[in-house]
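I have placed the structure first, in the form of structure tokens, so that the comments after it can refer back to it.
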Amino acid sequence: MIVLGFESSCDETGVAVVSAERGLLAHALYSQVEMHQAYGGVVPELASRDHVRRVLPLTQQALNGAGLTLDDVDAVTYTAGPGLAGALLVGASVAQAIAWARDLPSIAIHHLEGHLLSPLLATPRPEFPFVALLVSGGHTQLMRVDGVGRYELLGETLDDAAGEAFDKTAKLLGLGYPGGPALSRLAESGRADRFDLPRPKLHSPDLDFSFSGLKTAVLTRMKTLDADDAQARADLAAATQDAIVSVLVAKAAKALEATGLKRLVVAGGVGANRLLRERLATHLARLRAQAYFPPLELCTDNGAMIAFAGALRLQAGLANPSERHMGFTVQPRWPLDAA
Ligand code: ATP
Ligand code: MG
Ligand code: FE
């Protein structure tokens with residue numbers, strides 16, 4: 001069974017072709033990040049218009065990459081939310097148009113389910129059940145995952161997401177958008193122990209996070225610094241990254257302990273962070289547990305995870321291949337446990 005998937009929830013247009021039996025066949029991705037850089041963040045209207053420009057050439061590129069045509073496609077999937085309404089509508093309407101034209105089933109996918117299942121595209125592939133640490137630009141959650149469609153929220157951020165904490169502190173440090181990769185690059189030449197930053201909720205008994213205080217702490221430290229002290233900025237970047245990563249590692253370990261599970265799956269853009277990968281691997285080895293990550297290029301938004309989630313839903317019997325949808329909708333706000 002061949003599934004064609006579309007992602008357009010924010011500032012990446014992604015299209016992918018997945019075989020339910022053989023996994024990812026090809027994916028094509030365009031990031032609008034440069035276009036939004038001038039504004040320091042995503043401009044929704046510009047994002048929607050650019051998705052319109054990119055989506056069909058990317059579809060052709062993905063099909064070519066797989067050596068297939070639309071005739072070979074058995075089902076179409078798209079990100080139906082959460083995300084920017086106008087942006088979501090582009091992927092959703094193209095997917096639905098193909099489904100109508102070709103008399104194919106269409107499956108609305110929750111963006112976070114895509115992130116959550118993306119580590120299953122890697123080798124070795126984690127077995128269910130596992131704990132998922134979902135760390136993206138808009139979300140920071142710990143979930144217990146017992147199977148496709150069986151997700152239990154264990155804890156989440158009470159304010160900013162981990163990616164948001166990276167982005168906002170990077171902005172304070174005068175780094176570009178998105179801040180995560182830039183901040184972690186700067187951190188490589190810094191010493192984390194020069195600044196003692198707060199590690200919110202590090203020792204709280206729950207599995208929740210809080211990152212909003214971090215940017216205030218960074219701002220306060222910045223005011224004490226000489227504006228052109230490059231080393232101090234690198235040290236502050238290293239301290240920020242260390243604070244975020246320490247809390248993520250500690251809470252992920254606590255979630256494994258609480259559930260008695262031995263597998264941790266990391267998903268979302270912050271999952272690309274090298275320090276997080278290293279610290280988790282060593283910490284979990286001590287707990288005789290194992291960490292699994294998606295392939296690096298599939299950590300941030302992409303079509304592969306959406307096509308793959310659709311294929312898994314079909315395989316699990318959670319989507320009916322003979323069902324046809326007469327209408328479609330997107331859900332800018334959509335809790336995963338309601339999906
Ligand atoms: P959501 O999925 O919650 O809607 P999103 O799709 O914007 O949000 P992703 O694309 O999964 O989020 O991830 C983007 C985030 O990942 C950004 O906040 C970015 O700064 C962060 N990020 C990417 N690479 C790194 C890195 N190497 N280190 C730290 N953060 C990173
Ligand atoms: Mg993005
Ligand atoms: Fe995302």
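Just so you know, the numbers here start at 1 and follow the chain as drawn.
Any Cβ shown, glycine's included, is placed from N, Cα and C.
Of the residues N64, N273, TrEMBL puts just one in the substrate site with L134, V135, S136, G137, G138, D167, G180: N273. Of the residues D242, D301, TrEMBL places D301 in the same Fe cation site as H111, H115.
Mean model confidence for the domain 'Gcp-like' (24-308) is a pLDDT of 96. Each residue contributes its Cα atom, and for H111 (Fe cation binding site) and S136 (substrate binding site) these two points are 11 Å apart. Proximity of the binding-site residues (H115, L134, V135) to ligand 2: a Cβ under 6 Å from the molecule is found for none of them.
In this structure, none of the binding-site residues from L134, V135, G138, D167, G180, N273 has a C-beta falling under 6 Å of any atom of ligand 3. In terms of Cα distance, the binding-site residues that sit within 10 Å of D301 (Fe cation binding site) are S136, chosen from V135, S136, G138, D167, N273.
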